[in-house]
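J.: Below you'll find the structure I mean.
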Amino acid sequence: MESLEIPKQEIHIKIDNSISSNKERKNDLADAKPIVLMSILRGLHAGYFRISLSLCSQALLWKIMIAMSHMHSKLPSMAFHLLWYLALVTQVSLCFLYALKCIFLPDMVKAEFLHYIGVNYLYAPSISCLLLLQSAPMMEPNSVLYQTLFWVFAVPVLTLDTKLYGQWFTTEKRFLSMLANPASQVSVIANLVAARGAAEMGWKECALCMFSLGMVHYLVIFVTLYQRLPGGNNFPTKLRPIFFLFFAAPAMASLAWNSISGTFDAVAKMLFFLSLFIFMSLVCRPNLFKKSMKRFNVAWWAYSFPVTFLALDTVQYAQEVKDPIGSGLMLIFSSISVLIFLCMMVLTAANSNRLLRRAPVLGSATSPKDKQKSLPINAAL
């Protein structure tokens with residue numbers, strides 16, 4: 001008998017690894033989230049609070065203009081409320097991220113605190129919070145909540161004043177003549193914003209204290225910078241928009257004195273005219289900012305809030321003098337302020353991929369005493 005041959009059949013068993021691959025994918029995503037967060041925190045610095053500072057000052061401008069014009073239309077009021085809540089969300093988000101950076105990357109925060117440019121922007125969160133409080137549509141200055149929040153935001157300003165101003169005349173290696181730069185005026189603006197807030201609550205003595213503290217140091221910083229001492233030669237080209245702080249400080253001083261005295265008197269007018277003159281001096285020199293405008297960075301937001309402070313001055317000036325010149329200045333500077341603000345919003349949205357990107361070390365921004373020790377601060381500070 002012939003043996004029957006059974007044909008061989010190859011059996012292919014296909015193992016479905018979809019479950020394991022899904023698990024691996026989920027694990028990869030879970031691992032990627034902390035990496036993305038840490039990358040964001042490394043790219044974040046106090047200079048990003050220029051964005052919320054611009055939003056908060058713009059909200060204050062809209063609040064004052066609506067109150068002055070007695071508008072009955074709902075559209076300006078809705079726009080103001082939308083702007084204020086946008087400023088609130090932005091400020092809370094930046095504060096939350098910076099708090100995480102303080103927890104997870106304390107060495108970078110310390111390096112920022114020790115940097116002669118970076119330390120000045122540590123005032124920016126408090127300035128933004130104080131402006132946000134002063135522009136709040138739902139709180140009155142005489143309320144307990146308003147007064148409590150004022151102290152919460154003002155105490156960090158006084159703490160930084162004690163540290164920063166104290167070391168200028170007590171620390172051997174940190175003389176103002178070596179460290180002075182345009183960003184030093186941020187500390188002055190912080191004191192003046194706090195003075196205006198205190199004056200709005202009727203705390204005249206506290207307002208005078210903060211105003212005197214800010215103005216004395218403004219004069220010292222202004223004279224030091226005017227002399228073009230070695231510290232100014234180490235200021236990076238990318239940060240030249242910060243030159244607009246030269247007129248932001250006297251403009252804010254004029255607003256603060258207006259709130260303290262209760263009228264836009266001769267002192268307030270002199271400070272306003274000074275800020276107007278410095279603004280015109282800078283505008284007449286566009287080549288000064290040409291190199292800094294080649295590529296977008298967050299320092300461009302320094303164009304926005306100083307012009308808004310000047311616009312706020314023109315509103316108070318027009319309300320006091322009541323003549324066509326004052327009204328014309330108010331219309332011009334308010335329009336410029338809103339236009340710059342909208343342009344910055346569009347540019348920031350269009351260049352969102354460049355935000356929170358860690359940049360090279362500020363090698364060119366080291367102080368004369370620390371040329372051999374570059375601190376890890378972002379170049380777009």
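Each Cβ is built from the backbone N, Cα and C atoms, and glycine gets one as well.
All TrEMBL annotations are machine predictions without curation.
If you look up TrEMBL, you'll see 48-70, 82-101, 113-133, 145-166, 178-198, 210-229, 241-260, 266-284, 296-317, 329-350 marked as transmembrane segment.
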J.: Hey, which of 113-133, 145-166, 210-229, 241-260 has the most Cβ-Cβ pairs under 8 Å against the transmembrane segment (82-101)?
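T.: Result: 113-133.
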J.: Output the single range from 145-166, 210-229, 296-317, 329-350 maximising the number of Cβ pairs under 8 Å to the transmembrane segment (241-260).
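T.: Between the candidates 145-166, 210-229, 296-317, 329-350, the best contact partner of the transmembrane segment (241-260) is 296-317.
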J.: Please figure out which one of 113-133, 145-166, 178-198, 266-284, 329-350 racks up the most CB pairs under 8 Å against the transmembrane segment (210-229).
T.: 178-198
J.: What residues in the same chain, six or more past the boundaries of the transmembrane segment (329-350), come closer than 8 Å to it by Cβ-Cβ distance?
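T.: Long-range Cβ neighbours of the transmembrane segment (329-350): 51, 54, 58, 61, 65, 296, 300-301, 303-304, 307-308, 310-311, 313-315, 317-318.
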J.: Counting Cβ pairs under 8 Å that sit 6 or more residues apart, are there three or more between the transmembrane segment (113-133) and the transmembrane segment (266-284)?
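T.: No, the stretches stay apart by this measure.
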J.: The transmembrane segment (48-70): which same-chain residues, six or more beyond its ends, come within Cβ distance under 8 Å?
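T.: Counting only partners 6 or more residues beyond its ends, the transmembrane segment (48-70) has Cβ contacts under 8 Å with 76-77, 79-80, 83-84, 86-87, 90-91, 94, 121, 124-125, 127-128, 131-132, 134-135, 137, 298-299, 301-302, 304-305, 308-309, 311-312, 315-316, 319, 334, 337-338, 341, 344, 348, 356.
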